[in-house]
Amino acid sequence: MACPWKFLFKTKFHQYAMNGEKDINNNVEKAPCATSSPVTQDDLQYHNLSKQQNESPQPLVETGKKSPESLVKLDATPLSSPRHVRIKNWGSGMTFQDTLHHKAKGILTCRSKSCLGSIMTPKSLTRGPRDKPTPPDELLPQAIEFVNQYYGSFKEAKIEEHLARVEAVTKEIETTGTYQLTGDELIFATKQAWRNAPRCIGRIQWSNLQVFDARSCSTAREMFEHICRHVRYSTNNGNIRSAITVFPQRSDGKHDFRVWNAQLIRYAGYQMPDGSIRGDPANVEFTQLCIDLGWKPKYGRFDVVPLVLQANGRDPELFEIPPDLVLEVAMEHPKYEWFRELELKWYALPAVANMLLEVGGLEFPGCPFNGWYMGTEIGVRDFCDVQRYNILEEVGRRMGLETHKLASLWKDQAVVEINIAVLHSFQKQNVTIMDHHSAAESFMKYMQNEYRSRGGCPADWIWLVPPMSGSITPVFHQEMLNYVLSPFYYYQVEAWKTHVWQDEKRRPKRREIPLKVLVKAVLFACMLMRKTMASRVRVTILFATETGKSEALAWDLGALFSCAFNPKVVCMDKYRLSCLEEERLLLVVTSTFGNGDCPGNGEKLKKSLFMLKELNNKFRYAVFGLGSSMYPRFCAFAHDIDQKLSHLGASQLTPMGEGDELSGQEDAFRSWAVQTFKAACETFDVRGKQHIQIPKLYTSNVTWDPHHYRLVQDSQPLDLSKALSSMHAKNVFTMRLKSRQNLQSPTSSRATILVELSCEDGQGLNYLPGEHLGVCPGNQPALVQGILERVVDGPTPHQTVRLEALDESGSYWVSDKRLPPCSLSQALTYFLDITTPPTQLLLQKLAQVATEEPERQRLEALCQPSEYSKWKFTNSPTFLEVLEEFPSLRVSAGFLLSQLPILKPRFYSISSSRDHTPTEIHLTVAVVTYHTRDGQGPLHHGVCSTWLNSLKPQDPVPCFVRNASGFHLPEDPSHPCILIGPGTGIAPFRSFWQQRLHDSQHKGVRGGRMTLVFGCRRPDEDHIYQEEMLEMAQKGVLHAVHTAYSRLPGKPKVYVQDILRQQLASEVLRVLHKEPGHLYVCGDVRMARDVAHTLKQLVAAKLKLNEEQVEDYFFQLKSQKRYHEDIFGAVFPYEAKKDRVAVQPSSLEMSAL
């Protein structure tokens, strides 16, 4: 074969004479008209034409008519440049002219109607296996082109050597069908391939690549030795050096040398029996392959997988990497000491091992190479990707961020700190690493150099923009052109998917299923499931919720019923009432809001359901209500639903269930759910009902296992507001006590305090008159100290600890998310409820830690409903009193942190107007104290009221605002109002009159007639806000003030309902019937019942309505949101015998226990 001179040199594109514009690349003057960034259609047409010309090389040397010396002229600088694509930096305004793309090889994945630029491994960047050598006629042009490229890289032309090399390569291909690169050519090719890598941000170092030529090795053992040398050289005690080891080139595709690992060093990922993954999830498949090949797994989080090496096409061999070669960096944070507790680490050497080097038509499928890490590769991708180690939420939680709220930007804060930790850890151990900002800056410098030196720089914007910081890095604003040049590093198909095994016994068990088969199997399974579900009884599960608790339980119920039924979970506001006629089984899970009202998303269904008169379809139903026995109408909305469905003729499947927030709510739900499920199976005659396996959630036992929990020391400082925000899923903020004043007379045996809270910046305060403030209180120090003195085997009270629990498989420890890292003292003070009587479930667990048999038996007896109810209502014991009653209890810190219930916020009506006091919130609080055992027992104190009464000025108060949309002032201020509130029931009305005063003085808005009805014992004892009321009356804000005194000496008791009956009957009728007025009631439940009863009597008498008509009349008033009730209170054990729904008469405190 003669030397193919036509492939030796190609024509270079002629420049077109242009004047005016400065060319960034070579400073040639351009025409002023060529300034637009977009590529025109003419540009594209010319580019296609020039590409065709480029791919059809023209002969540069005619048969012997020109001497070789004349070829030297071809290297001279041309007079003009070829057409270009303009690349602009939108940050700096600088532009580049890309001409290098004319030398691009192949076609990228983009299509005319779709862009595939974000595909991870597109076909255009992937080389598959071969089953025969590259044909010489395909290989020769590529080889000559590479030789030209190689000799063109010299500053001075070496014409004779160049021609001789072309001749030698030609003859070698003609003789052997392939050719071998010289050592210098190999070095040039590997560096040039790095230079051409469009997805690499660190190419500024391309010329410093160390090349190890391992083309002479023939066995896997030799490959391993070369790799060990490579790792040792590159690691360099932390001063990382970039290097590449090149194994023999591909011949016929049947004798490849390949490294099966994706990277030389990588961590194993283990698929655990419970479905969880231990280690790096990205490596689960490869780890299983290693195990199948004989590797013994260690099941750690950071186990280095062995090298799997294939030599000369033979079956792969496993080699453990010597531990002394693997430099690892333990992660720590410069500020957060707890970061060490995450026990994170990462290897220092990022060595890619599974790519293919293409150069001059030759392919090297084994060529591991490395640079050094950019911090975000570890800190963002390896640690934070959800499909990798996924530590983001754990770090955010430990930082005390609002991980439940995306808008808090907790992810952004956490990922920054993780990356700070990575950079700090590497730098502290003197291991090479580069931050992403420096990397982006270096790439911009490299890119500018490349455009000036060779007129282009292939770059993949999607890969080069770092995974964090986005537009604050310069590469974000840089337009880029992506194309493939030769030499190039290509992706490869995983070796184990294409390898032809010589020893079938060593072949790993095939787990893959062909895509067609898999798709058919999935479709078939879906079809079967649809048929199965269609044949099952349909169940509709409705929920209404304010906080999300009912929704969560509804989905849990759906999971249970999916074992034998076809369930559908629907929010009440999405449910069409007409569907009731098609139901067979309806389940309802709902909470009760306020004074027996339904949650907001249940209002629509409630209105339409309660107006329904009859139902033709007599379906089965069951209802579960959630609430707190502290509220006056416990689970009232659920009871209303239950009764209405029954009146419509539906059949109750099981008795209505109740879940008390203060007494084992979830246990009650699980018990009701299982009972309902079993009843449904019986009723609908479900086949195989005896063998149905229900979810583990419903079968958990009540045993206490101390080995299931452990405490780990933690140094993270507690941010109380952030911790409470996370626990209660609320935006908890901190206010400070400005002042506290006792509103009752010094001679009174009781106390009602005005608590004024303030904050520096009132912008965060956003509330309307009538809304509530949730206060997160602290327990009494005496109770906390008493419990601490009885804890066994616990840490010091002020040592910060973190509770960890074994995962379900019992394989490893996970942080318990119920509590933040804190000291035991902090937990007992701010997070755990130590005043509510223990539930029956907690008593069962306490029985297991009693060391005296009589006490254990007594605790077990108390778990029986009758005994428990008597003991609870008689003693109402705090947790400390339980420990004192049963002194043999050996309670550990782990027991307390894992088993005690969470301390709930307490809610108070706000007694101030934001417009009137912009940086303050006022509360009206009755300080609660009472004796248990019918007044003969120990003195108990209300948790929050006592805590507020003990604060000093400027002490912090964690709190949050809760909306009370049903208790706002009328939208039209001209509408008349009647306000009824005895005792602290006056709290929200103070905010009303302050708002009306502000509107009058600053907006010129005169409100409608506002009548106040207040009640207390005596004017000289507990007539709170008396002077303010008189002032508001004088200023015309309150048009009438009526006070009912119930303890005046020598006079009969007068209550607010008496005032209504005796003095305001006409006013009530005028406001409610003749005008679109509003009536507000705030106070304890018995007062509210008496007031409602009195009002109904008055209206019935005046309008001559019967009982049913008057009930409907007031139902309409509530529906129109003209009759408002805000009724809260706490159940007191000593009043339970008198009234099962007893409340503290004048406290708006959510709980006094």
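Keep in mind that glycine also has a Cβ here, set from the backbone N, Cα and C atoms.
As annotated by Swiss-Prot, motif 'DINNN-motif' applies to 23-27, with the evidence given as experimental evidence.
The Zn(2+) binding site annotation in Swiss-Prot covers C110, C115 and rests on experimental evidence. For the recorded site, C115 (Zn(2+) binding site), the DSSP three-state label reads coil.
For S234 (phosphoserine), the number of other Cβ atoms no farther than 10 Å from its own Cβ, over all displayed protein chains, is 28. Feature annotation from Swiss-Prot assigns phosphoserine to S234 (among others).
The local packing around Y373 (L-arginine binding site), expressed as other Cβ atoms within 10 Å of its Cβ over all shown chains, amounts to 26. Summarising the annotation, Swiss-Prot assigns L-arginine binding site to Q263, W372, Y373, E377.
Among the features that Swiss-Prot reports, FMN binding site is placed at T545, E546, T547, K549, S550, S591, T592, S628, R633, C635, E661, Q665.
Annotated phosphotyrosine per Swiss-Prot: Y575, in sequence order. When other Cβ atoms within 10 Å of the Cβ of Y575 (phosphotyrosine) are tallied across all protein chains shown, the result is 20.
Around the Cβ of S578 (phosphoserine), the number of neighbouring Cβ atoms within 10 Å comes to 8. According to Swiss-Prot, the phosphoserine annotation covers S578 (among others).
Counting only same-chain residues at least 6 apart in sequence, those with a Cβ under 8 Å from the Cβ of S1046 (NADP(+) binding site) are G1015, C1016, R1017, K1053, V1054, Y1055. According to Swiss-Prot, the feature NADP(+) binding site maps to R750, T929, T984, R1017, S1046, R1047, K1053, Y1055, Q1057, D1090, an assignment based on similarity to another entry.
C944 (FAD binding site) falls within a helix when secondary structure is assigned with DSSP. Residues or ranges marked as FAD binding site by Swiss-Prot on the basis of similarity to another entry: H772, R906, Y908, S909, T924, A926, Y930, V943, C944, S945.
DSSP gives S892 (phosphoserine) a strand state. Non-local neighbourhood of S892 (phosphoserine): P706, V791, V792, D793, G794, V849, each in the same chain, at least six residues away, with C-beta under 8 Å from its C-beta. Residues or ranges marked as phosphoserine by Swiss-Prot: S892 (among others).
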TODO: Between the Cα atoms of Y373 (L-arginine binding site) and S234 (phosphoserine), find the distance and write it as a whole number of Å.
DONE: 12
Task: Three-state secondary structure, which DSSP defines for Y575 (phosphotyrosine) - done: coil
TODO: Would you list, in sequence order, the binding-site residues among C110, S550, R633, T984 whose CA lies within 10 Å of the CA of T924 (FAD binding site)?
DONE: T984
TODO: Work out how many Å separate Q263 (L-arginine binding site) and C944 (FAD binding site) at their Cα atoms, rounded off.
DONE: 58
Open item on the list: What's the number of neighbouring CB atoms sitting within 10 A of the CB on Y908 (FAD binding site)?
Closed with: 29
Task: Cα-Cα distance maximum in Å, computed over every pair in H772, R906, Y908, S909, T924, A926, Y930, V943, C944, S945 that the record assigns to FAD - done: 25
Task: From binding-site residues S550, T592, R750, C944, the one whose Cα lies nearest W372 (L-arginine binding site) - done: S550
Task: Most crowded position, judged by CB atoms within 10 A, among Q263, S550, T592 as binding-site residues - done: S550
- [ ] Measure from the Cβ of C944 (FAD binding site) and count the other Cβ atoms within 10 Å, all protein chains considered.
- [x] 28
Task: Predicted model, mean pLDDT over the motif 'DINNN-motif' (23-27) - done: 44
